[in-house]
């Protein structure tokens with residue numbers, strides 16, 4: 001169905017030279033590593049800050065009954081509950097968590113991650129394998145943007161799956177399925193709707209205005225069918241949670257605008273309205289020139305390849321990360337499948353390096369160390385831009401770790417010669433108390449990490465633009 005035998009001029013030997021360990025006897029060790037990472041991630045824990053809000057949705061329905069699902073946006077109130085996600089994310093989590101509640105507590109991590117992350121990741125793996133082969137598909141399972149979602153738990157792998165499916169469907173002429181796939185992705189993370197621009201340009205070139213109207217119609221029907229019951233039951237609370245919250249939230253994470261948030265913290269509220277108006281200017285300019293480039297290229301090309309569509313999809317999503325005010329590094333996982341589909345092995349190696357550096361040098365230090373670990377060790381509160389408030393970092397950290405893993409390790413330590421004894425997550429914090437010195441330079445480090453992130457993201461964007469420029473039709 002999605003065979004791309006004409007899409008790639010390179011052969012297996014080219015990829016074998018670039019990724020030799022994927023093709024020789026070392027591959028079995030890579031497979032073992034993947035299995036170890038998967039099994040470890042299922043039980044080690046999650047990002048409690050996100051999960052605690054999700055669990056609050058379930059508790060409201062547990063108290064009021066499942067018939068109050070559509071009223072959740074009205075019943076969910078800060079500070080004990082918030083629901084800044086569109087309906088599909090809510091429906092999926094409360095359904096899966098209800099299933100997980102039947103299981104022993106120790107297995108709840110695994111159930112949630114299996115359904116929300118592992119299953120969609122496996123489908124992505126199968127799609128990439130069909131297009132690029134088993135060996136290149138392994139790069140998906142080894143990519144750090146995917147692995148960080150696997151360990152922390154988020155909806156982003158699901159988004160990546162539906163983005164990939166929408167790209168493949170639109171290229172193969174199945175615009176109804178493409179519209180449905182992108183509508184579902186949008187009802188999980190709305191920003192990915194930017195891809196619809198590319199789809200409509202492609203459809204207009206291939207099938208005229210009628211195809212575009214059909215595409216828009218099916219997306220609207222699906223979107224309205226799912227959101228209307230929530231809008232009717234929750235009224236303005238739905239709009240406030242899903243739209244107003246994101247429109248007015250301060251800049252975060254790797255966004256260049258987040259420098260102001262990291263420096264000012266809660267004082268960012270004084271300037272948030274200004275930033276809300278400013279960030280759209282460079283984003284719209286970059287998006288407009290990029291879309292114009294797509295139109296020019298499509299007019300000149302007698303045949304629009306899957307590589308072109310996949311590259312263009314990755315570029316549009318990268319623009320939202322680079323120029324948007326919420327530069328969440330979790331969003332990197334959205335572009336990994338389409339980029340693996342599109343990039344030849346020489347460029348794919350550079351892509352793999354850049355995404356690895358973004359996780360290791362930006363995501364882990366920024367979120368894992370500076371925002372969580374260092375304040376937790378120092379027993380200091382950490383500022384959460386999303387809430388414009390301070391949270392107990394130690395509590396967030398300890399709730400993120402599966403206590404039963406620590407308990408199992410404590411039993412093992414009885415037979416170990418190592419002097420370290422850890423029987424609770426707090427004991428681990430005591431062993432790394434040297435990182436308390438980072439608190440004194442926290443803001444400087446965070447600003448430096450944002451600058452580094454922007455450099456790496458720009459290199460990623462340039463890599464995709466150059467690949468798009470060099471892409472030739474079959």
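Every residue, even glycine, has its Cβ placed from backbone N, Cα and C.
Annotation source TrEMBL lists transmembrane segment at 29-49 (among others). Under 8 Å from some Cβ of the transmembrane segment (29-49) lie the Cβ atoms of residues 21-22, 106, 109-110, 112-114, 118, 138, 141-142, 147, 150-154, 384, 391, 396, 399-402, 404-405, all in the same chain and six or more residues away from its ends.
Beyond its flanks by at least six residues, the transmembrane segment (85-103) meets 54-55, 57-58, 61, 69, 72, 111-112, 115-116, 155, 158, 184, 186-190, 226-227, 230, 242 of its own chain at Cβ-Cβ distances under 8 Å. Taken from TrEMBL, the feature transmembrane segment applies to 85-103 (among others).
Counting same-chain residues at least six beyond the ends of the transmembrane segment (109-125), those with a Cβ under 8 angstroms from any Cβ of the stretch are 38, 41-46, 92-93, 96-97, 99-100, 103, 137, 140-141, 146, 149-150, 153-155, 157-158, 160-161, 164, 337, 402. The transmembrane segment annotation in TrEMBL covers 109-125 (among others).
The annotation transmembrane segment is assigned in TrEMBL to 137-170 (among others).
Within the same chain, residues 85-89, 92, 155-156, 158-159, 162-163, 166-167, 170-171, 175, 211-212, 215-216, 218-219, 222-223, 226-227, 242, 246, 287, 291, 294-295, 298, 304, 309, 312-313, 316-317, 319-320, 324, 326, 331, 334 sit at least 6 positions outside the transmembrane segment (182-203) and bring their C-beta atoms closer than 8 Å to a C-beta of that stretch. Annotation source TrEMBL lists transmembrane segment at 182-203 (among others).
Per TrEMBL, transmembrane segment is recorded for 215-235 (among others). Sequence-distant contacts of the transmembrane segment (215-235) (same chain, six or more residues past either end, CB-CB distance under 8 Å): 70-74, 86-88, 175-176, 178-180, 182-184, 186-187, 196, 199-200, 203.
What TrEMBL lists as transmembrane segment is 279-297 (among others). Counting residues 6+ beyond its ends, the transmembrane segment (279-297) has Cβ neighbours under 8 Å at 194, 197-198, 201, 251, 255, 257, 308, 312, 315-316, 319-320, 322-325, 468 in the same chain.
Residues annotated as transmembrane segment in TrEMBL: 304-323 (among others).
Annotated transmembrane segment per TrEMBL: 329-345 (among others), in sequence order.
The transmembrane segment annotation in TrEMBL covers 352-374 (among others).
The transmembrane segment annotation in TrEMBL covers 401-423 (among others).
Residues annotated as transmembrane segment in TrEMBL: 444-465 (among others).
It is 329-345 that, among the stretches 304-323, 329-345, 352-374, 444-465, forms the most Cβ pairs under 8 Å with the transmembrane segment (137-170).
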